[in-house]
Amino acid sequence: MKIVKISPRGYCYGVVDAMVIARNAALDTSLPRPIYILGMIVHNKHVTDAFEEDGIITLDGPSRLDILDKIDSGTVIFTAHGVSPEVKQRAKEKGLTTIDATCPDVTKTHDLIEAKKAEGYHVIYIGKKNHPEPEGAVGIAPDIVHLIERADDLKTLEIPTDKILVTNQTTMSQWDVQHLMEDIQKKFPTAEFHKEICLATQVRQEAVAKQADVADLTIVVGDPKSNNSNRLAQVSQEIAGTKAYRVADVSEIKLEWLQGVENVAVTAGASTPTPITKEVIAFLEQYDPMNPATWERVRKVPLQKILPRVKVKKEQ
């Protein structure tokens, strides 16, 4: 069986930066304890499990404000997905120490929304409902930001001005965003468009679109909560025309997927640890459908190998 290792794949700079920020926090003895992450620092359970070994507690809930209600003291890390001004204010009121690990691409979208609100615009924001990134973006200006996920959401959308900006969640499928923007243009012809698919998401989607078409099957390594990982599987099926499955790690691969398959493409979401992806590739490279000794699918990557290394600061 031939393995097509789609490139680029895996970690983006925003994810690595967020994890380094959190690791440095774990090593900083001057920070008030306990240290919490407000939601998953990135959408990957292997990463959050590894941070728990570092002594950092991940709390999750229906919204960032709901999670904050569970915290009365210590340090709070805001995730790469960004948070609303209300969340920052609530943390300040509670006397919590805060560390912001928001991805710079997300911050850029927040700044854009603030600027357009000051100019009297309303904003149509294309994103996934119940995902933390849209929650933070809508929270920048909830009175003028309208979240839509699909074309049906446009049917009941009414905006009391011709000054409309359209932007989006950074990890959406660029093809889905383009189609929705075309629909929005028809209903709101005066709308201005500012596509905010981050470069890492864009190039990974384009790589799948161009490289997965030679494969019989695509395996996307990524957490079920990872929107960008789920979108890679979608791109493989809808753009490259190749059946795709998303797996959290090697243990989720089903042997029946591989029956009659000669070429398997492998990619990974932007929040997927590299050792987890390498383990999937290693399994596929040694797999022999005629040899049961090659069928074992057990994740063996230790949590200590999941997080990026950071330098321990020496005391002066």
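For all residues, glycine too, the Cβ spot is worked out from N, Cα and C.
Listed in Swiss-Prot for this protein:
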- E133: active site, proton donor (ACT_SITE)
- C12, C103, C198: [4Fe-4S] cluster binding site (BINDING)
- H43, H81, H131, S226, N228, S271: isopentenyl diphosphate binding site (BINDING)
- H43, H81, H131, S226, N228, S271: dimethylallyl diphosphate binding site (BINDING)
- H43, H81, H131, T170, S226, N228, S271: (2E)-4-hydroxy-3-methylbut-2-enyl diphosphate binding site (BINDING)
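Overlay of Swiss-Prot annotations on the structure.
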residue : record                                                     : CB count, 10 Å
H43     : isopentenyl diphosphate binding site                       : 29
H81     : isopentenyl diphosphate binding site                       : 29
C103    : [4Fe-4S] cluster binding site                              : 25
H131    : isopentenyl diphosphate binding site                       : 19
E133    : active site, proton donor                                  : 27
T170    : (2E)-4-hydroxy-3-methylbut-2-enyl diphosphate binding site : 29
C198    : [4Fe-4S] cluster binding site                              : 23
S226    : isopentenyl diphosphate binding site                       : 25
N228    : isopentenyl diphosphate binding site                       : 29
S271    : isopentenyl diphosphate binding site                       : 29
Fill in the blank from the handout: Within 10 angstroms of the C-beta of C12 ([4Fe-4S] cluster binding site), the count of other C-beta atoms across all shown chains comes to 25
Problem - Assigned conformation of T170 ((2E)-4-hydroxy-3-methylbut-2-enyl diphosphate binding site) - DSSP reduced to three states - result: coil
Completion exercise
recorded positions C12, C103, E133, T170 vs S271 (isopentenyl diphosphate binding site), shortest C-alpha separation belongs to C12
Handout entry: Pairwise CA distance, C12 ([4Fe-4S] cluster binding site) versus T170 ((2E)-4-hydroxy-3-methylbut-2-enyl diphosphate binding site), rounded so that it is a whole Å
Key = 12
Handout entry: recorded positions clustered about T170 ((2E)-4-hydroxy-3-methylbut-2-enyl diphosphate binding site) [Cα within 10 Å; pool: H43, E133, C198]
Key = E133, C198
Handout entry: Distance, E133 (active site, proton donor) to H43 (isopentenyl diphosphate binding site) (CA atoms, angstrom)
Key = 11
Problem - From H81, S226, N228, the binding-site residues whose CA lies within 10 Å of that of E133 (active site, proton donor) - result: H81
Completion exercise
Record-annotated isopentenyl diphosphate contacts H43, H81, H131, S226, N228, S271; largest Cα to Cα distance in whole Å is 15
Handout entry: Cβ-based neighbourhood (8 Å from the centroid) of the dimethylallyl diphosphate site, residues H43, H81, H131, S226, N228, S271 excluded
Key = M40, V42, E133, T171, D223, K225, N227, S229, G269, A270
Completion exercise
Whole-Å Cα distance, H131 (isopentenyl diphosphate binding site) to C198 ([4Fe-4S] cluster binding site), is 16
Practice task
Could you check which of these binding-site residues, H81, S226, N228, sit within 10 Å of C103 ([4Fe-4S] cluster binding site), going Cα to Cα?
Solution key: H81
Exercise for the section: Using the recorded [4Fe-4S] cluster site (C12, C103, C198) as reference, state which further residues of the same chain have their Cβ within 8 Å of the centre of those residues' Cβ atoms, listed in sequence order. Expected result: Y13, G14, V15, A80, P104, D105, V106, T170, T171, L199, A200, T201, A270
Practice task
Could you measure between H81 (isopentenyl diphosphate binding site) and C198 ([4Fe-4S] cluster binding site) for me? Cα positions, answer in whole angstrom.
Solution key: 12
